[in-house]
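Chemist: Here it is, the structure in full.
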Number of protein chains: 4
Amino acid sequence: MQHARPLPTYLVQRYLGWKATTYKENRAWYRRLASEGQRPRAMVIACCDSRVQVTSIFGADQGEFFVHRNIANLVPPYEPDGQQHGTSAAVEYAVTALKVAHLIVLGHSQCGGVKGCLDMCQGRAPELEETSSFVGRWMDILRPGVETIDSLPEDQQTEALEKEAVLTSLRNLMTFPFVAKAVEEDELTLHGTWTTIGEGGLEAYDPARGQFRPVNPTE
Amino acid sequence: MQHARPLPTYLVQRYLGWKATTYKENRAWYRRLASEGQRPRAMVIACCDSRVQVTSIFGADQGEFFVHRNIANLVPPYEPDGQQHGTSAAVEYAVTALKVAHLIVLGHSQCGGVKGCLDMCQGRAPELEETSSFVGRWMDILRPGVETIDSLPEDQQTEALEKEAVLTSLRNLMTFPFVAKAVEEDELTLHGTWTTIGEGGLEAYDPARGQFRPVNPTE
Amino acid sequence: MQHARPLPTYLVQRYLGWKATTYKENRAWYRRLASEGQRPRAMVIACCDSRVQVTSIFGADQGEFFVHRNIANLVPPYEPDGQQHGTSAAVEYAVTALKVAHLIVLGHSQCGGVKGCLDMCQGRAPELEETSSFVGRWMDILRPGVETIDSLPEDQQTEALEKEAVLTSLRNLMTFPFVAKAVEEDELTLHGTWTTIGEGGLEAYDPARGQFRPVNPTE
Amino acid sequence: MQHARPLPTYLVQRYLGWKATTYKENRAWYRRLASEGQRPRAMVIACCDSRVQVTSIFGADQGEFFVHRNIANLVPPYEPDGQQHGTSAAVEYAVTALKVAHLIVLGHSQCGGVKGCLDMCQGRAPELEETSSFVGRWMDILRPGVETIDSLPEDQQTEALEKEAVLTSLRNLMTFPFVAKAVEEDELTLHGTWTTIGEGGLEAYDPARGQFRPVNPTE
């Protein structure tokens, strides 16, 4: 691998800072996590977006969350065709091997992937329609969801589609036999959430009302 | 989505804590991140493992790292076949849309995915060989790497394969035309790293010596 | 005390969250609790087990329960020998100084202490018989109770002994003169309860029938 | 046990509320905690005082903290005499069986037990000096600590002795061979903390400065 380069110095420096503080203070716990293995309570599926910090928002301790992050927090439908499905592999490992109790899909505002999907489906991004566009093909997962928001005023479409992406993932999760079985046997619960980058808000999907609602409506 | 459930109360409580402290202290920055969009300096590809906290190790602030996390931090080879490739989509978005300057692959010790690959390739996990095993098919990406560690003493094989997974990802990254181009034009550098869960160690691949070395050899 | 270390950062962060939310919302009450002193209605004696959350199960507000937690929720017999008896001190303070109206002993399923007592008394844990074993000597309090469950089928013994531990504590409580007096003068009532970790069940001892019964038999 | 009484209705009602909400939402996790056993990261030793809510202050999830609560959060010195030592048994179980990574002693303001100790040692509470006083004998553990605060102005003595109680427990913990060994082998860290009931403050003992300091001095 002649193309690899040394780690940028600023990251080395920060790592050494972490080692001398956080690591040092928690060494006993980290060693135990290493020797006994992980036992996370929840899996979180979130976006790669640099502005979403899953563990920070939920005050998560090392060892608590099994985290999969991809473009637009999407889960494709169950398709056991022998091909490489990274998201499906992560879900399979979390549910069948780690037996997590919660599976939380976390969407967010200003999502570039969702915006690209909307542009593509409404004819404004022909380059994403090309076979060679990995982002375009990945966002195909959300294509059926565009219908559900098409009749909304234009300035509400992106946010609605971001939330629809969360629901699409939840629906697709239920097409996985091992997810459906765990849910039906009360061994796993699914949760849909959506956060706003700028305001630090958090909404959770309320199945009784069929809509997303702020987790703290009175604030 | 009648299957979704409300967010567990302990997470709501912790979120409200984050909102009242971290968010409140950084509100101006978060609002700017929302209005101006993300501009991450680096993409990190790490494992979903709950014991690996990418942003913590590197002291990353909100907005700094575009993070993709999958089983065993693997990147498949370039394959523009019109199918859904979540990892390839994340890499494409980071390199062509966000134009990140660094792409860091972060492996780790005690990796369950790598262990599964080793078991599968050495005949101890026939269930992973089945077509329907998403984890097995995903770990096929690392199958060629098993040859490189097969002759090592058994107790050194897992660690060696964890590091080989990092190198496999770096090699596969170079098969993406847009990655190779950005690297050749000095707009992107690739980095291979590997961390130990229990000891909080960090090694980086040194291309001059062709091996991983502790980032702080003198400590 | 050169051995003390700083508080782990994740706990500091969570504490600050609590301060900014729960504390802030209840400040007036907490200040009054501080200036006027505590006046708890009940004392609860429960196990140290991390899976038993006394205040959560009973929806207890700050100031309501005086809580003593030890291994297997045991109360030793009255023994005013001038030695240090932590549990007896807690009971004495609750009954004579705070004059609580209820004293609730809360047992639970999967109790490691009770399991150890059973193993010890049936010859499977010789290490617990050693003089130097604090856990073994503490579980001696329950030793007489093992006789009462010895003839049961093996798979029913642990649960039966967990409930016997609650009854043993209630019986021992009545050997304390100040407890017996308060009970006889109708200033204190004793209650025996047992909860199941996995199913969230709660049973209460029914003196009329001489057995534990679900608090909600119709559910 | 003819003295036991049915559970007060208000507690039955609250329990049923917990069962229908918190339990129902977290059923999968509670079942897993039951089947796999507890694996708490920390042990907390706190006071029985009804105004101290350990799990709430630290945003603790079910399964995170092994909690021992006694009068004035005291740990007696190591004394393997074959007698019943409830606190020593709890510490032994946490450190040797559960292998917790942190042991946190949590003191608090307005502590009735500490106040009693001060009154007793300064001659204002002769009843606590009696052999039959369980509270008096228990507070003997803190008697040597009174010397350290005796020369302070009277209105500073109680708070100083509350903090001394935390340090006494930390010192006594180090007299347990299994605690000292775990600390020396970096498998356990000890932490001293003290909280104010009315103001919701939290101070942690800083070994470098030899004093308690607010965890958030800039707030």
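Cβ atoms are placed via backbone N, Cα and C, with glycine included.
For reference, TrEMBL lists these features for the protein:
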BINDING   B:C47, B:D49, B:H108, B:C111  Zn(2+) binding site
Chemist: For B:D49 (Zn(2+) binding site), which residues of its chain lie six or more apart in sequence with Cβ-Cβ distance below 8 Å?
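Modeler: Within the chain, B:D49 (Zn(2+) binding site) has Cβ neighbours under 8 Å at B:H108, B:Q110, B:C111, B:G112.
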Chemist: Taking the recorded Zn(2+) site as B:C47, B:D49, B:H108, B:C111, identify the other residues of that chain whose CB atom sits within 8 Å of the mean position of the site's CB atoms, giving them in sequence order.
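Modeler: What remains near the Cβ centre is B:A46, B:C48, B:R51, B:V52, B:A72, B:N73, B:G107, B:S109, B:Q110, B:G112, B:G113, B:V114, B:E162, B:I197.
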Chemist: Across all chains shown, how many C-beta atoms besides its own are within 10 angstroms of the C-beta of B:C111 (Zn(2+) binding site)?
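Modeler: B:C111 (Zn(2+) binding site): 25 neighbouring Cβ atoms within 10 Å.
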Chemist: If proximity means a C-beta under 8 angstroms from chain A, which of B:C47, B:D49, B:H108 count? These are the binding-site residues.
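Modeler: Qualifying residues, whose Cβ lies under 8 Å from chain A: B:D49.
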Chemist: Select one residue from B:C47, B:H108: among these binding-site residues, choose the one with the most other Cβ atoms within 10 Å of its Cβ.
Modeler: B:C47
Chemist: Look up B:H108 (Zn(2+) binding site) in the DSSP assignment and report helix, strand or coil.
Modeler: strand
